[in-house]
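Here is what Swiss-Prot says about this protein:
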- 453-460, 503-507, 557-560: GTP binding site (BINDING)
- 107-161: compositional bias 'Pro residues' (COMPBIAS)
- 163-188: compositional bias 'Basic and acidic residues' (COMPBIAS)
- 209-242: compositional bias 'Pro residues' (COMPBIAS)
- 250-259: compositional bias 'Basic and acidic residues' (COMPBIAS)
- 266-275: compositional bias 'Basic and acidic residues' (COMPBIAS)
- 34-282: region 'Disordered' (REGION)
- 311-367: region 'Disordered' (REGION)
- 453-460: region 'G1' (REGION)
- 478-482: region 'G2' (REGION)
- 503-506: region 'G3' (REGION)
- 557-560: region 'G4' (REGION)
Amino acid sequence: MSIGKVRIYDLSKELNLDNRDLLAICEQLGIAYKSHSSTISDADADRIREAAKTYQPHSASPRKVSKTSPPVKKAPAPQKTQQIVAVHTQPRSETPEAPKPQLQKPPARPQPPQAPTRPTPPAPVAPKPVEPVAAKPPAPPAKPEPTPPRPVPTLVPPPTRPTKKEEKVAATPPPRKELKEPPKKEKGAIAAAKPSSQDRIEIVQRAVPPAPAKPPEMAPKPALPELQPPPKPVRAPNPPKPVTETVEVLDDKSVSKVIKDRHRHKDFDEEESKRKSSRVVKLREEIIDEEEELELTSRLVGVHQVTVDVSQSLQRPPKPKVPRPARPVTPAAKTEKSSEKKQSRHRDRRPEEPAEAPPPDHITIAGPMSVQELATLVRRPEAEIIKTLFFKGIAATINQTLEVETIELVAKELGITVETAEHKVEATKVTEMLESSDLDHLQRRPPVVTIMGHVDHGKTTLLDAIRNAKVAQGEAGGITQHIGAYHVDVEHNGEKHQVVFLDTPGHEAFTAMRARGARVTDIAVLVVAADDGVQPQTIEAISHAKAAKVPIIVAINKIDKESAQPERIKQELTEYGLVPEEWGGDTIMVPVSALQQQNLDTLLEMILLVAEVEDLYANPNRPAKGTVIEAHLDRARGPVATLLVQNGTLRVGDILVAGACFGRVRAMIDDRGQRVEAATPSFAVEVLGLAEVPAAGDEFEVLSDEKAARALAEERAAAQRQSRLAQAAAARRVSLTSLSSQAREGELKELNLILKADVQGSVEAILTALNQLPQDQVQLRVLLAAPGEITETDVDLAAASSAVIIGFNTTLASGARQAAEQHNVDIREYNIIYKLLDDIQGAMEGMLEPELVEEELGQAEVRAIFPLSKGVVAGCYVLNGKLVRNCKVRVLRQQQVIHTGILSSLKRLKDDVREVAAGYECGVRLDDFQQWQEGDIIYAFQTVTKRRSLGSGSDRN
């Protein structure tokens, strides 16, 4: 049984009701609908018919009017469409620049149906904007509205406006063009008034020169009526009168500027007038007398004595010699005095030149340096250094970077001993966070605990069990690839204690991040899997903790597994100096299970116990100092740095210097994603507001003066830039001999990369891993390595340099993928580091030329010889393998190769065959060898191309 459907607008026609009234009835009856074209069931339609009998439509009066005058029925619709027409606010943009009486016109424009009222602007302009406010006045225009109903449906496309301006026939085309221009330049709308459009266009061109001179005029003479034209800055420079009015108010210095500018900008459009004006300027500067200046300034300034005197004093220096005796005397005396001073200076300098310090006998260098820097250090001319290198067979320029060995060689020739400065170990723990002034205000602070260990030994899972959170599920492949800083509240002896945990990566590529974690920590928790034992990253973590002189607590994880052997783990750790307490050592070892949450309380108690022994204190009542744990560039928030406050308190609004970056702290977010106003010692927060992304591991400090912070950051940035340039020059240094030989052999290949990662630590880890790849035949060039998303600028750089873009845990900006497809740029995205390294190594191997490898086919023995007209045929017996026609063969006689050629003919039982297997006899003929003997061995082989690996390529060289 089908149910009938009725559309709402059909029902409205049937009931002679407006759609809005019918929709209102649907709302009262609770009937669902989307629009007036929706369908409803017959039952609902019957309900509506019953309700319509008693319904009093609120639009009854308009419907009655509509019967008498149909255009009025559509009057409410234009009120809605007026909002759409009002979007085209170009006419409003014209009015603010027009005279004040036009400001009253915009309220009349939003109502296009009232167009016939616009042609009477003189008197009715003011009352008619007030008329649309009332709802009743639309009745009088109902008589002339028979004409508007036709253009009413076309209100959105603007045919109604030309009807309004039919009186101005010539003004109709410009507004349509100007409707597109106003969004770019609202001033362009002035062109609607055609008689003044041309003048204003010329004005805009000449408005540039006098513009700076007029703002000062406005302040001193606010009451003058002539100040109204200055908004139109153009007409002022053309006539001389407005210029004289402006100069009256100018300063002393600006008077002379007006004198010069008047001649410079006079007749700006004509070249001849430029030359004349420039000549006049020169004549004014060189020849004009004080009396002539007085006449000129009287014309311009109205004989203002003060400004004339000032202009005279300003124009005195460029004057040539004048017959007045006073002026030439003073400059002559000055020149004599100045010459005497110069001579005395030269006399003073002459004895100082030979008094220079003698060359040093001992120098200390920090690394490679340029020839110019070496010459400055040893106090010798650059030419002498270059000559010394030339005699040693090294052609160098003044800006070339020299290796430490080369510097020692040059210094030895000059009789100077060289000492190389030792770099500080990065893993040493920072202890200078506390100053002597902090000793009187120390307070106990929470411990910073770093969880370290081999990859997949359960570090993050252990931290999850402590935090009761699922952090490991968010890491790609279950591998931690950042330093995560987490704040945990631990209950111990009925009291709440706070502990800050740092979760470091265990993958081998993240060595620098583990070293950084050990450097800022107070306690290191070494996680070792009970079923896996001590692994390479476990040993590395032990060395980092020992270098930082940090106490180590060993957590033997995964004891719930059947293959767990905790005692074997303890035995292995003793080989690296970690002896458990029960064996007489001083290392705390706790067997735990992160999944089963076993012995976690014991581990936390041990952490708090060691923290009490360490006496961890800080001064919270001072500006903050600490270390940048991690940093990255966020698409929405900008540079974001994870800071660990080690001393003092960091507050919102502080001026911060982190390495070579500085900024003001705009916001701080803790590990739970909540905004905080202050971060006390031992707390890690994300900080927003830095100008650039700082390097992970940099120390930060809060300063009170922004200028000092900026200067310190710029100084550090300059030092980093110099060291980076020196390292880049040293890394790309190639001798001429090796360069030419590699170029001849075609072995000089480069793979250009652009690396973008989520955080700075990932960038460091990937760069370190890439540098460990063999680069004997394929050199890796990282053109750009930075945190942040992949942008169109990166794509343009890759397209220009034929580079591959590598994205690690990052995204693409809008338009980057489209630009990459347009420029055929390869973008690779990864979230696990070892997959990235495998692909890069594969790409490098693909650039190597394939190797030609001999593949053995078989051997045959010559047992008979048959001379024929075409040549000598050797009757052979295949010993092993097979013989293939057209394969390469070697003929061995008494273990020596006597011929190498191609097997041109192969027959068996007088039939040509393609191959003969082992155990069969065959006839063999070679085109270029006929001296067969019985007992010769035929060695058959073929050459195949094989992809070369980086290891094999390096071994071959």
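Note: Cβ is positioned from N, Cα and C throughout, glycine not excepted.
The shown structure was predicted, so the numbers you read here are calculated from the model rather than taken from an experiment.
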Q. On the 0 to 100 scale, where does the mean pLDDT of the region 'G1' (453-460) fall?
A. 77
Q. Which chain-mates of Ile559 (GTP binding site) that are at least 6 residues away have a CB under 8 A from its CB, listed by sequence?
A. Ala530, Pro566, Pro591, Val592, Ser593, Gln598
Q: Starting from the Cβ of Gly453 (GTP binding site), draw a 10 Å sphere and report how many other Cβ atoms land inside it.
A: 28
Q | CB contacts for Lys459 (GTP binding site) [other CB atoms within 10 A, all chains] | A | 28
(Q) Give me the DSSP three-state residue breakdown of the region 'G4' (557-560), ordered helix, strand, coil. (A) 0 helix, 1 strand, 3 coil
